[in-house]
Structures are given as structure tokens and as C-alpha cells.
Amino acid sequence: SRNFKNVLVVSIGFLSLFTAYGGLQSLQSSLNAEQGMGVASLSVIYAAIIISSMFLPPIMIKNLGCKWTIVVGMACYVSYSFGNLYPGWYTLIPTSFILGLGGSPLWSAKCTYLTISGNVQAAKDNKKGADVVNHYFGIFFFIFQSSAVWGNLMSSLIFGQDSNIETNIPEDILSTCGAHGCGITLETNSNSTNGTTSSRPAQKLIWTLLGCYIGVGVLAILIISIFLDNIDHEQTSQFRGNREPFCHTFLATFRLLKDWRLLTLIPLTMYSGFEQSFLSGEYTKNYVTCALGIHYVGYVMMCFGAANSLCSFLFGRIARYTGRAALFFFAAATNLACIIALLIWKPHPDQLPVFFVFTALWGMADAIWQTQTNALYGVLFPRAKEAAFANYRMWESLGFVIAFAYSTFLCVEYKLYIVLAVLVISMITYPLVEYYEYKNPTEPIEQAAYEIPKNKADEAGIISQTWM
């Protein structure tokens, strides 16, 4: 169907864009470790996403439509790759802020687009809207999460050409790796005077990698601009013709906070930020780079991306049989087991397969957090999709900001305890929403809300209509 084609176009566009950004994010804590600059840039990104989530998504989506909001957001992401060409406080921080401003509208537009497509297709096929939306999110994350494979493959293959790679890491350095370590620093030379385990790759190789990342980012913009249908064109034109007061659109994100269901989902949404930031910021630096070297970061994160991608597709399909709750608790149990094991484990190069096992399990759990939480927001708030997904991005980003903010101050052990605490709170609050939804199902917006013949709408003076 045309809707399925659009889902594939969105997915491939995001795959191309995040091949670049995902690879860069995985390397920031190791590559730009001087004065914590890399982690600081990630904190700025998610702080800017919080700011943009407060007002930009509803304004941009209602004025530009989902398609062109996605294009503008992608352009903001590409600017971050340019900032990394000459990393410094005056290049990384401004481009991080630009990326963050475009991040929330980008993701909110994507989620809104998939939710509309799913509801329209469900009405055509006489299926349950939630099932089709779940399926579409599963397809999206199946394709999107594989970006971690390609982006990290690029970095490992390119950095693997460096002739200065250190392969023999001293035992005194290995003893500082893992949960009881308090961070390492990657210097431009290989002298291990302050806990350094590996030298920084040659600048020529870094520029080669960034050139590849910029290329695939521009490709993503072209794919969306050329091949994606503008499915909400009528609603966008109608909004511009009957413009609401600015303050009404501006406050849409905050008005939704009156709904107790959204407030109850905040811990679960923030946990998504905590668990992703731990893997990309702490596991890559204090386990992989510390014990194996920076050239292994890409290979280990490829395993995460592959597991995440496959499980996203799998869980998107089986959710209709198992329900969301069973999958959420399965993901929680998986993360709980990983956290306990990471607290105990002392990483060593001789245990190479274990590094990949942890990322595979983490990727499987993250597939559930991403697909099911996004679908849950779409099901619970069908009449306020833009504001709902803006809230999702805002609270998830707050989790990222908090985690990256304490990254340079706390030892890994305490970071794991914080992630564990947020997980436990999430599994206490989430079932309340699920139980209420089970007892009082939210009515989805059917196809008629999106596809009204224009002449009939004009005759009847109808702006939008929902089938009973």
C-alpha cells in the first residue's frame, strides 16, 4: 500500500541520517574526551531538545506538515557532523544546540506521520488501529536501529587502518575498567600517564570518517524530500488558513501534562534516556575503550544495532499477541540482569565475547522500550499526537541530560545504581496506565478524520470528523 511505502521511505531516511549521528554519538565520550567536551556536547544536544520540545513540534508540524518538518530537522543533525570536523568548544556546542532544536520536531513529526499512516491503513483494512500502528513502528525501528550497524562499521573499519593502535593494555589500566572505574581520557599520544588506554586516531582518518557521515546525512535529506508523500497537506493548509492563537499552539505540549496518564509515564520515558546514555556514554568508554581500545567501539555497537533492529521487527509483530505489558516486563528483567552483571564483571581482553553479549541483550531490551513506548503514546493520545510525542521527546531527553551531566563526576558503579533506581520506579508507575487503558480503552481516530473530501467538508462547514 501507499502507506506502507511511506513507512519504508521514512525508515530508510532515518537509517541514513542516524548512520552518521549514531556513530558520532558512540565515539564522543572517547574521541573528544578532553575536559569532557564530547559528553558536554551530548548534554547540550538533549538540553536543547528539551527546550524545543516545549513549543517547536506543534508549531512546525502544523505549519510545515510532517514531511518538511522532518527535512528541516535532518538538516540540523547534519550540522553536528560539520562541527566535529574541527572539534572545540566554539564548534561543538553551537552545532549541538542546533541539532537539539531540530531533534524534537524531527522525532515528533516522524511519530505523528507513522500514527496517521497506521490509522488510515487500519480503517481501509478494517483492522484495529493500535495493531497497525504497532506494526508500523516495528518496521520503522527494524530498519532504523540497523543504523548502529552501518555507522559503527564505518568507524571501526576506518580507525582500524591506524598504524598506532595499541593492542597490549597493561594490567594496571585494566584494573580500572568496569563498574569500579571513574573514567579514562583519550589523548593524542599513547603515553599512559593518566589512565589512558589508547591513542587518538590520526586526524586524516577522523576527517575521512566525518566526510562519510556528512555524505549519508545529505542523502537522508534528499530521500525524504523526493520520495515521501505529504499526507497531511490538507490539514496543514487548513491550519494556516484558520490560524490558532500563537499561545494556544505554544502551550499545547504543557496542556497535555494535565492528563495524569502522561505524568505517570514520565519515569518510563526518562528511563529510555538513562539506559541509552549509559550504553553510548559509559559502556563504550569504561568497558570497551578501556579494555579493548577505541577501534573496538564500532564492532561492539554493531552488535547492539543488529540485535536492536531484529528485535524491533520481531516485537512489533508479536505485540498484538502478547500485549505491551508482557514485553515491557521482559525488557525490565533483561536490563535488571545486565545491570547486576555489569556491577560484578571485571572486563578483560581475554573475555571478548562477553562484551558483545551485553550489547546484544541491551539492544533486545532497548527494542522494546523504543517500539512499545512510542506506540503507547500514539494509542493513548490520538487527538494530541504532536503534543504527546513532543512530551515523549522532552522527558526522554531530560533522562539523557541528567545522565550525561553527572557522567564526568560519578564513578560507573553509582551510575549503574541510578539507572537501576529509575528502572524500578518505571515498573511501578507504568502498570497503572496500562491497567486503566485495559479498563477504559482510548478510541482511535479513524480514517475519516484524515481523509474528508474537500467539497463535502466545505459544504457542511466541517473541519474534521471522526466515525463513531
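Placed from the backbone N, Cα and C atoms, the Cβ positions cover glycine too.
Please treat TrEMBL annotations as automatic predictions, because they have not gone through curation.
Annotation comment: TrEMBL describes 38-56 (among others) as transmembrane segment. Residues 25, 27-32, 80, 87, 92-93, 96-105, 108, 249-251, 253-254, 273, 277, 281, 390-391, 393-394, 397-398, 400-401, 404-405, 407-408 of the same chain sit 6 or more residues outside the transmembrane segment (38-56) yet have a Cβ under 8 Å from a Cβ within it.
Remote same-chain partners of the transmembrane segment (68-86), defined as residues 6 or more beyond its termini with a Cβ less than 8 Å from a stretch Cβ, comprise 10, 13, 17, 20-21, 24, 32, 45, 57, 60-61, 92, 94-96, 98-99, 101-103, 105-110, 113, 207, 210, 213-214, 217-218, 220-221, 224-225, 228, 230. Summarising the annotation, TrEMBL assigns transmembrane segment to 68-86 (among others).
Taken from TrEMBL, the feature transmembrane segment covers 136-159 (among others).
Taken from TrEMBL, the feature transmembrane segment covers 205-228 (among others). Counting residues 6+ beyond its ends, the transmembrane segment (205-228) has Cβ neighbours under 8 Å at 6, 9-10, 12-17, 19-21, 23-24, 31, 67, 70-71, 74-75, 77-78, 81-82, 84-85, 151, 154-155, 158-159, 161-162 in the same chain.
What TrEMBL records for 296-315 (among others) is transmembrane segment.
According to TrEMBL, the feature transmembrane segment maps to 327-345 (among others). Sequence-distant contacts of the transmembrane segment (327-345) (same chain, at least 6 residues past either end, Cβ-Cβ under 8 Å): 178-179, 268, 275, 283, 287, 315, 318-319, 354, 358, 361-362, 364-366, 368-369, 372, 413, 416, 419-420, 423, 426-427, 430, 434.
Long-range contacts of the transmembrane segment (390-410) within the same chain, counting only residues at least 6 positions beyond its ends with a Cβ under 8 Å from a Cβ of the stretch, are 29, 36, 39-40, 42-43, 45-47, 49-50, 53-54, 56-58, 100, 103-104, 107-108, 111, 182-183, 252-253, 256-257, 262, 266, 269-274, 276-278, 281-282, 373-374, 377, 418-419, 422. The transmembrane segment annotation in TrEMBL covers 390-410 (among others).
What TrEMBL records for 416-433 (among others) is transmembrane segment.
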